[in-house]
Amino acid sequence: MIPEQTQPIRLAIDMPQSASATNAPTTDTSAPSPADASQSAEELCIEISHFNAWYGSFQAIHDLSLDIRRNQVTAFIGPSGCGKSTLLRWINRMNDIVPTAHSNGTLRIHDLDVLSPSTDVVHLRRQVGMVFQKPNPFPKTIYENVAFGPRLHLKLRRGELDELVEWSLRKAAVWDEVKDRLNAPALGLSGGQQQRLCIARAIAVGPEILLMDEPCSALDPASTLAIEDLIYELREQYTIVMVTHNMQQASRCSDRTAFFFEGRLVESGPTDDVFTKPQQKRTDDYVRGRFG
Amino acid sequence: MNIESTTPVAPNDSESQRPVPEAIRQGASATTESTQNSQRRIRRSKTFYGICVSVSFLSIVVLAVLLISIAVQGRSRLTPTLLTGAHSTSEPASSGMYPAIIGSLSICAVCALSALPLGIGTAIFLEEFQPTNPWLRRLHGFLNLNISNLAGVPSIVYGLLGLSLFVFMFNAFGQIKVNESSGTELMGVERYYQILTLAGGGDSVLVRQTDLALPTITITEPIEAVDRDGNTFRLEVWDPKSGTPKPKDPATQHRTVRLGQSGGAYAKTSWYYFRLPFGRSFLAAGLTLSLVILPIVIIAAQEALRSVSPSLREASYGLGATKWQTVRNVSLPAAIPGIMTGAILAMGRAIGEAAPILVVLGATVAKNSGPQNLMDTVVTMPVLIFHWAGDPQVTYQQLAAAAIIVLLLVLLLMNSLAIYLRQKIRVE
Ligand SMILES: Nc1ncnc2c1ncn2[C@@H]1O[C@H](COP(=O)(O)OP(=O)(O)OP(=O)(O)O)[C@@H](O)[C@H]1O
Ligand SMILES: [Mg+2]
């Protein structure tokens, strides 16, 4: 994680870059290029094929096929209502909560058939953590928030739990900010800190995949950059799928990008390719901000 | 991204050429007409505010008048005797409401212990679970629809329901008769006949009652008996006509009865005495009141659970929590303050209810202690107040006023306790 002081500088670097649409994919000098990593790890992690999803009789996703690779950041982009969140919420079966939601097709994580009714969703959700659009810490202390997940699954001694909480908070790059007030209410943190706390909470149960639904959309630019840096770091150990409406964010911190439109996958590929030489006219229009 | 550099897309083009509606253009400029309009609306708003203030003031005045008149009337009877004594028909001046306070509190305890878990459980079922089973789903929908209707049912109807459901249990276990063994006794009671011995001075021994249908026994031959300490011994019979002299030794006298001596039934009950049906007992009354407040508790708990942010639930599920873990660790803790508020209101309602109690327990106030066992009847504060207030004697009228003050104080105490608990939970 880049120290706090350098954030304004990064901000300064990013601003001019984002102003010109044509050279958007220029690699960011202050962080390793997404392109570097995309070469190394190509192992398949989530395999989606011919996937359809409905809310009642409304079909939100049509015949969608997509591979998500391990230890990469995959960004879902597309106009509002195109089904990004829906797909994300099917990956960890979060849509089970919605009574009208149903789906068919194939959605596998390694060997696990996610959609099968016999799948143990508790185990699945432990493997696939989720971070939501709005930071949603529990109205408990910071410590209790991070300890919540591990406590659900394991019987840990106090010392082990302390260690796990510290590890998670360090990993989520908030440890330095909260280490002196672990027993303070989590709702007293700033929005950006809350969101990183939520990330810490998600990784404390030891997931392999992290789903992030617009994790920065409720945050200010500085917090956004902190989270983006964090996502970059986390990629080493986690497979990350994130939804974003921010083109710069997608280009800055994702390895691969998938563009959705009206419930269909229009195009997916390495982020550089999607942004510089999109195959589809609609993708081109969207990444250039012509609609959406 | 830079939007200026790209040509605008066609649909936007025609949108921008649409003329601004007349109404908006007018509204935006501050003409005298629109200023007058807003002045008028401000005046109207102020009038409305004034009406609201005076209406709420009026209700406070009515309440104050009520409280003051009661305080004035009951002032002279607010004595320690009021809190320690029992109702007395012969001496109104030494009457008190101790049995009624204990009675009301014990009924409230039964009521809270049964209605709160049931009500909160139902609310959790209704709010947190979407059953997949079609029958359960139908039940779910049916309950949801009808609970608010139940809250509007007059409490006397619940009284009648309680009467047949708890007091008589539809006579499935036999008819309950006053002062008589009846129903199916499950535990906590031993039945005896009490028989006077030769020792005199009211000295008696107990003989186990085997046939509950016989209210009395006549001793004609030696029989096994039990003394006050619970030791069994053989009870001897002395026949005055046989010519044998009456035993002189007190110990022997204590173990001997006159031939033909009869004894009445005597029941030794423990606090856990339990029988079916419940009869006119405080248990039946408490359960009946719990029917009255159940809909209130359910609705309040439902409301409280509904106001818990769905994002918290999602966060919990997202971490792999099961439904129960989510309810237990997230929804319930967040809803507890709201649930407690509902519970306070409901308990206030329960402690003040007279109608269902009158139906279930009857209007009797002749009791000088709290309940001795689960099947014991009680006097409650509202019923005692009802009784006193209806008496022509001035002393009883004053007592009624004083008892109302005590009832209000007990309510206030209960509420403050609940608010204190709620605050404590909230802080944690
Ligand atoms: N719980 C629901 N019940 C019914 N329809 C829903 C539900 N959630 C989403 N939808 C519909 O499904 C479609 C896809 O929604 P989804 O939330 O996946 O869009 P999205 O791409 O995430 O949009 P956004 O970028 O605005 O978050 C939308 O048309 C939406 O109206
Ligand atoms: Mg969404």
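Cβ atoms here come from the backbone N, Cα and C positions, even for glycine.
From the options B:147-170, B:339-362, the stretch TrEMBL describes as transmembrane segment is B:147-170. Within the same chain, residues 122, 126, 176, 276-281, 283-285, 287-289, 291-292, 294-296, 298-299, 302, 353, 355-360 sit at least 6 positions outside the transmembrane segment (B:147-170) and bring their C-beta atoms closer than 8 Å to a C-beta of that stretch. Cβ atoms under 8 Å from those of the transmembrane segment (B:396-421) belong to residues 67, 70-71, 73-78, 82-83, 92, 95, 97, 100-101, 104-105, 108, 340, 343-344, 347-348, 351-352, 381-382, 384-385, 388-389 of the same chain, restricted to positions at least 6 beyond its ends.
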